[in-house]
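Trainee: Per TrEMBL, the features are:
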TRANSMEM  32-51  transmembrane segment
TRANSMEM  57-78  transmembrane segment
TRANSMEM  99-120  transmembrane segment
TRANSMEM  126-145  transmembrane segment
TRANSMEM  152-171  transmembrane segment
TRANSMEM  177-200  transmembrane segment
TRANSMEM  221-242  transmembrane segment
TRANSMEM  248-266  transmembrane segment
TRANSMEM  286-304  transmembrane segment
Amino acid sequence: MAKFNTPSLANSAPNTETAQWRDYLELTKPKVVAMLLLTAMVGMCLAVPSLPPAHAVILGLLGIGMQSAAAAVFNHVIDQRIDRQMQRTIHRPVAKGRVGTSQALAFGGLLMVAGFALLWVLNALVAWLTFASLIGYAVVYTVWLKHATPQNIVIGGLAGAMPPLLGWVAVTGTLDPHALLLVILIFTWTPPHFWALAIHREKDYAKAGVPMLPVTHGVEFTKTMILLYTLLLVVVGLLPWLAGMSGLIYLFGSLALNLGFAWYAWQLKFHDRKGLAWQTFKYSIWHVFGLFVALLADHAWRAIG
Ligand code: HEM
Ligand SMILES: CC(C)=CCC/C(C)=C/CC/C(C)=C/COP(=O)(O)OP(=O)(O)O
């Protein structure tokens with residue numbers, strides 16, 4: 001796809017402003033990482049019948065958080081050229097030159113090594129799986145997939161879906177099929193989460209030459225895909241209950257949230273109005289938050305009941 005951009009660190013913005021601690025915080029995509037950590041913590045709690053050991057929770061969340069933050073920092077460095085071309089990202093610290101490429105790389109490298117070391121204390125499996133997720137997002141998705149195919153975020157979404165499994169492995173040291181159900185849940189949620197935003201920001205992506213679905217296949221097709229994925233999510237959302245991993249609190253909570261998401265997707269497809277794609281994106285964030293709180297509440301209820 002010659003007309004689409006490929007990442008390059010060339011053409012760096014001049015470093016005209018001084019970096020502040022807030023710039024370094026912004027590089028870590030703190031709100032996304034906070035949500036990833038919530039899903040990791042739910043994985044930790046569901047891995048054991050009562051409470052997971054405190055040291056596994058603390059080291060696990062710190063390690064997964066640092067590695068996720070490192071991946072986000074590397075994403076800022078690699079994407080700096082396209083970030084400068086999009087309204088949504090034009091003010092980012094590396095794109096604007098407030099943080100230089102080498103400083104950002106050093107910061108990301110430090111977070112990556114420290115995060116890996118903390119997880120290594122727990123067990124080698126969680127350390128390597130988390131590192132693989134970092135590579136999946138920072139290298140496979142950001143460097144390659146994002147510019148290669150409109151299915152970029154579907155495949156790349158696997159890295160962002162991993163934290164519940166990482167949390168689970170942090171506590172048990174082994175892989176469990178139940179943890180995979182949580183991964184599949186986020187994996188199915190990611191396309192409607194992102195494509196709603198991509199419709200809202202379609203011009204940005206077209207201008208930057210990134211082959212996101214609304215740019216390559218049009219907005220109508222993307223709305224259809226969003227609807228299909230939300231309907232699939234209604235079905236996938238039943239799996240933790242069908243597998244006996246979660247009870248009725250989760251079942252009714254997730255059904256309400258998933259049907260709510262499908263309703264937004266239906267409106268977007270058949271009764272679109274100004275700002276609805278953005279509202280659907282915002283809903284997706286509350287939706288994934290609610291889904292994991294429901295899993296946690298359900299588990300707590302069963303543990304004390
Ligand atoms: C490949 C997978 C994903 C893609 C492409 C993606 C894309 C995005 C984008 C572009 C934004 C920025 C919107 C803006 O600038 O206002 C965003 C925001 C957000 N995403 Fe995702 N996302 C992915 C996976 C995830 C996952 C797995 C989670 C957590 C479970 C998540 C949670 C969030 C949150 C909480 C925000 C809001 C951040 C803020 O307001 O600063 N995302 N996502
Ligand atoms: C270790 C581990 C679990 C790693 C995963 C880390 C991580 C931060 C995943 C979140 C995915 C995400 C925000 C994608 C958006 O990237 P984008 O480049 O498409 O969006 P942007 O344009 O806002 O940068």
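Using the three backbone atoms N, Cα and C, a Cβ is placed for every residue, glycine included.
Worth saying up front: this structure is predicted, and the values here are computed from it rather than measured.
Provide an account of the burial state, proximal residues and distances for the features listed.
Mentor: Packing against the transmembrane segment (57-78) from elsewhere in the chain are residues 7, 9, 27-30, 32-33, 36-37, 40-41, 44, 92-95, 101, 104-105, 107-109, 111-112, 114-119, 121-122, 126-127, 130-131, 133-134, 137-139, 142-143, 159, 163, 166-167, 170-171: each is 6 or more residues past its ends and has a CB under 8 Å from a CB in it.
Here the transmembrane segment (126-145) has Cβ contacts under 8 Å with residues 7, 60, 63-64, 67-68, 70-71, 74-75, 78-79, 112, 115-116, 119-120, 151-153, 155-156, 158-160, 162-163, 165-166, 169-170, 173 of the same chain, all six or more residues outside its ends.
Here the transmembrane segment (152-171) has Cβ contacts under 8 Å with residues 36-37, 39-44, 46-48, 52-53, 56-57, 59-61, 63-64, 68, 71, 119, 122-123, 125-126, 129-130, 133-134, 136-137, 140-141, 145-146, 178-180, 182-187, 190-191, 194-195, 211-212, 292 of the same chain, all six or more residues outside its ends.
Away from its own ends, the transmembrane segment (177-200) comes close to residues 39, 42-43, 46-47, 153-154, 157-158, 160-165, 168-169, 212-215, 219, 222-223, 225-226, 229-230, 232-233, 236-237, 239-240, 243, 245, 261, 264-265, 268, 277-278, 280-281, 284-285, 287-288, 291, 295 of its chain (Cβ-Cβ under 8 Å, at least six residues beyond either end).
Residues 178, 181-182, 184-185, 188-189, 191-192, 195-196, 198-199, 213-214, 248, 250-251, 254-255, 257-259, 261-262, 264-266, 268-269, 272, 280, 291, 295 of the same chain lie 6 or more positions beyond the ends of the transmembrane segment (221-242) yet place their CB under 8 Å from a CB of it.
Long-range Cβ contacts of the transmembrane segment (248-266) within its own chain (Cβ-Cβ under 8 Å, at least 6 residues beyond either end) map to 192, 196, 223, 226-227, 229-231, 233-234, 237-238, 240-241, 276, 279-280, 283-284, 287, 290-291, 293-295, 297-298, 301.
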Trainee: Other than its close neighbours in sequence, what residues sit by the transmembrane segment (286-304), given a CB gap under 8 Å and a spacing of at least six beyond its ends?
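Mentor: Residues packing against the transmembrane segment (286-304) from afar: 35, 38-39, 41-42, 45-46, 49-51, 164, 182, 185-186, 189, 193, 237, 240, 246-250, 253-254, 257-258, 260-261.
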